[in-house]
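Per Swiss-Prot, repeat 'ANK 1' is recorded for 36-68. What Swiss-Prot lists as repeat 'ANK 2' is 77-106. Per Swiss-Prot, repeat 'ANK 3' is recorded for 110-139. According to Swiss-Prot, the repeat 'ANK 4' annotation covers 143-172. The repeat 'ANK 5' annotation in Swiss-Prot covers 191-220. As annotated by Swiss-Prot, repeat 'ANK 6' applies to 235-265. Sequence annotations record features per position, and here Swiss-Prot assigns domain 'SOCS box' to 286-335.
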Amino acid sequence: MAEGGSPDGRAGPGSAGRNLKEWLREQFCDHPLEHCEDTRLHDAAYVGDLQTLRSLLQEESYRSRINEKSVWCCGWLPCTPLRIAATAGHGSCVDFLIRKGAEVDLVDVKGQTALYVAVVNGHLESTQILLEAGADPNGSRHHRSTPVYHASRVGRADILKALIRYGADVDVNHHLTPDVQPRFSRRLTSLVVCPLYISAAYHNLQCFRLLLLAGANPDFNCNGPVNTQGFYRGSPGCVMDAVLRHGCEAAFVSLLVEFGANLNLVKWESLGPESRGRRKVDPEALQVFKEARSVPRTLLCLCRVAVRRALGKHRLHLIPSLPLPDPIKKFLLHE
């Protein structure tokens with residue numbers, strides 16, 4: 001094997017010298033290099049040139065390359081035209097490519113889908129087009145983040161609403177390969193991967209509420225089992241603990257109480273005006289928590305929590321169709 005080569009015969013980094021882009025093309029493009037030299041399809045997707053896309057895709061040679069991963073004029077990682085258009089937020093190009101046969105859930109070398117990069121770059125229109133075309137609202141299990149997590153972190157409530165409307169899971173599913181590994185073989189050992197946690201850490205109250213309305217677990221924001229003993233020492237032990245430690249306003253605490261959080265998970269006696277976290281505990285938030293902890297929840301509140309949990313988060317959208325009086329349905333929907 002030549003120096004700098006790989007076991008499969010592809011050239012290694014050394015063979016391309018300092019031209020990293022060329023090496024990436026050699027390693028990850030879908031077709032031989034001579035086919036990858038023509039990047040007009042990918043370049044048109046990048047600049048949003050719909051007319052050029054229409055013209056090129058009239059030819060069979062380009063239609064056959066619509067899902068080809070290739071390095072384009074301004075990019076380093078080989079991507080499909082759809083992924084490139086979604087990154088740039090060219091909604092008309094995204095829509096056209098899908099109608100011409102582009103696969104919506106193909107991933108790049110990082111495991112990112114077109115939907116994920118549309119969300120990351122804040123493109124609501126492209127996000128909606130991809131969701132309407134059947135893109136998985138949860139992104140790819142081969143990527144460490146999800147569209148919901150990113151939208152919650154940056155406070156894009158409009159994008160988060162769209163993801164939830166199309167069935168995105170608002171809880172963490174901590175199984176990378178559920179088809180292969182035994183069920184529950186991986187346990188949650190940190191809250192930092194959870195949408196509720198990250199929305200609280202960045203004080204995005206609207207996103208926090210949307211997640212709870214969609215049925216997010218108010219304690220650990222996780223689908224599977226939780227290993228609290230595996231949490232880092234000094235890290236929050238539940239979502240309520242995180243809300244207090246991050247100095248969130250009282251509204252965050254009130255929402256968790258309203259949605260049935262287990263208040264006994266927090267050792268609130270150890271919390272004072274100063275927190276071991278990066279911020280001070282909000283005095284009003286701490287007072288709301290202590291008051292909620294000191295008195296039993298009302299029967300009305302307990303009934304609402306019980307009904308919503310019995311329905312399950314994937315059937316909460318059916319509440320408006322239940323044969324119940326409108327005031328009760330609004331109550332169940334927290335309206």
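Every residue number used here counts from 1 along the chain in the order it is shown.
Cβ coordinates are placed from backbone N, Cα and C, and glycine is handled just like the others.
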### Task
Could you tell me the mean pLDDT over the repeat 'ANK 5' (191-220), as a whole number?
96
### Distal contacts, the repeat 'ANK 2' (77-106) - CB-CB under 8 A, six or more residues away
24-25, 28-30, 41-42, 44-50, 53-54, 57, 63, 66-71, 112-115, 117-118, 121-123, 125-126, 129-130, 133-136, 140
### Query
Of the residues in the repeat 'ANK 2' (77-106), how many are helix, strand and coil by DSSP?
17 helix, 1 strand, 12 coil
#### Entry: Summary of DSSP states over the repeat 'ANK 4' (143-172), given as helix, strand and coil counts
17 helix, 1 strand, 12 coil
